[in-house]
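> Here it is, the structure, as structure tokens.
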């Protein structure tokens, strides 16, 4: 063993210490973000005339100001190692020295050099000159005796109207003609562009689902993302733990065979609510462990207020924005329920919406307002109903809009100020409502196809914009879009093409990350698109995109797993079909215990034919005369009557029982005798 160790050490010494070790990625962030840049943004940038490296960098990052450029140029010019400058041994760094002859004329000069002799500046005294040089003659004009505060004045002759005697305070005025070239319209456009800082330059996709992603939830800190799909699973993503492969760290299946219809984080982000197509919602902790499941109601009770829970599939659910113990759910049974997460056995409140016709109409969506003091519900008949949570409140809505939409409502959203309500529907429209006047909608945005019951609306962090997704139609060539609107002007700001073949269902704009999330998919694939901008977005996608996956080292050791035949162990072995086994047993006369069939004609194989008996013993007894079969030749009536005299003389059973009560037997008269009479 010692010899092998010495040989290994000898071989290891021939390699450098860094051999096989993982080195940090030296790829600049600029190249990483350029790899995730959206195709639309790249196409726009390619139209620009400048195609150099500096222009690409300018497209990826914000341009420098004129003052910053001047500072960089001065820094480059003062750098002695700059290859553009000629290398000289006698190159001077810093201000030029003073001529030797001038040192003998007067005292030493401390600070920057004096102005050249021809500038006209004459030192009247022989005192030391300390500080920067005086301004050139004529720059101050007649104001040399007065104090100058701030940067120097502009050169003379530019602004003739500004020759006043007062001191100049503040930065210099812009050059003449600058304000004349910029019109008021250009200034307004700049103000609008500065107000719409939408992170759309880069994009990444969180994949893993096999069907459309119908639910999305990002925690309040922006570190974890939940995505639920029609493939019955929930995937959990962690930005801090992900690398550039963008893989989920956990996958859940809350209820087998039921679609995921809603996900919502608690206010403290330590738990989340999962709503599926079943009648029972589930609560999970932050790591995906089940904490509880709400009870299902009795489907045979007609009054929904007397049931302990929902009796039909859930449609939507949302956690209270302030209270971490309260959640809200809606269901196809036509009710909304408020639950306490500490009691999974019964709900706190049952809300039955107002219906235009008797019966059960499903509640398709529900939501809280920002303070948790109001509840809005979208009803299957197209109505929008709002309840104010107050003392003694009931199922009667405070706001009722009978014909809010012509089809099922898929999403509702309150503004933070509590004045605006947004609604999204299957009828392909998005409506903006003023909660103070709900008779008519403020504005209706049409031509927004919607084929999914989970399509929602989201506000921007400052709530100046709101956005929603569109579905892909068969006749139309347009893919899934993310439409962004201005809340104040009620007009379209931008259309963002998310996917050419997938529909956009859920969307969110996270306030802390400043990143836009959009879920897409169809019947075969689904994913979550994250739009961001390296210059204005924070953390989130920026963290995981720049983290390269670890490379394997020569020193890594991994135990080779033992490969078992999947059908070798009884635990994993499929049970064989019993049909063939039963057929095989039926064919075997011994195992099936099948009786022997009687033989026709003469016997064979040791068996006697049916004419002389089926068994050999019966045949021998019959031949010997021990068995006499007389019943085939005797009349059955005569065989019975021959015992009549014996029974009358010596009765044993029936006659002694009736000897005292009925000594004379009474027989029933025959029906035939009555008919003859």
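Using N, Cα and C of the backbone, Cβ positions are placed for all residues, glycine too.
According to TrEMBL, the feature region 'Disordered' maps to 39-200, 569-607, 656-677. For 47-57, the entry in TrEMBL reads compositional bias 'Polar residues'. The compositional bias 'Low complexity' feature in TrEMBL is assigned to 63-75. Here TrEMBL flags 182-193 as compositional bias 'Acidic residues'. Sequence annotations record features per position, and here TrEMBL assigns repeat 'WD' to 206-247, 307-349, 402-443. The feature compositional bias 'Basic and acidic residues' is assigned by TrEMBL to 583-597.
Could you place these features in context, so I can see how deep they sit and what lies close by?
With DSSP classes pooled into helix, strand and coil, the tally for the repeat 'WD' (206-247) is 0 helix, 21 strand, 21 coil.
Predicted-model confidence for the repeat 'WD' (307-349) is 92, expressed as mean pLDDT.
Sequence-distant contacts of the repeat 'WD' (402-443), counting only residues of its own chain at least 6 positions beyond either end whose CB sits under 8 Å from a CB of the stretch, comprise 356, 364-371, 374, 376-380, 382-384, 386, 449-459, 463, 466, 468, 485, 487, 490.
Distant neighbours of the compositional bias 'Basic and acidic residues' (583-597): none; no residue of the same chain at least 6 beyond its ends has a Cβ under 8 Å from one of its Cβ atoms.
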> By a Cβ-Cβ criterion of under 8 Å, what residues six or more beyond either terminus of the repeat 'WD' (206-247) are in contact with it?
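The answer is 253-265, 267, 269, 272, 274-276, 286, 288, 452, 454, 502-503, 505-508, 510, 512-513, 515, 517, 519-528, 530, 539-541, 543-550.
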> When DSSP states are grouped into helix, strand and coil, how many residues of the compositional bias 'Basic and acidic residues' (583-597) land in each?
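Per-class counts: 9 helix, 0 strand, 6 coil.
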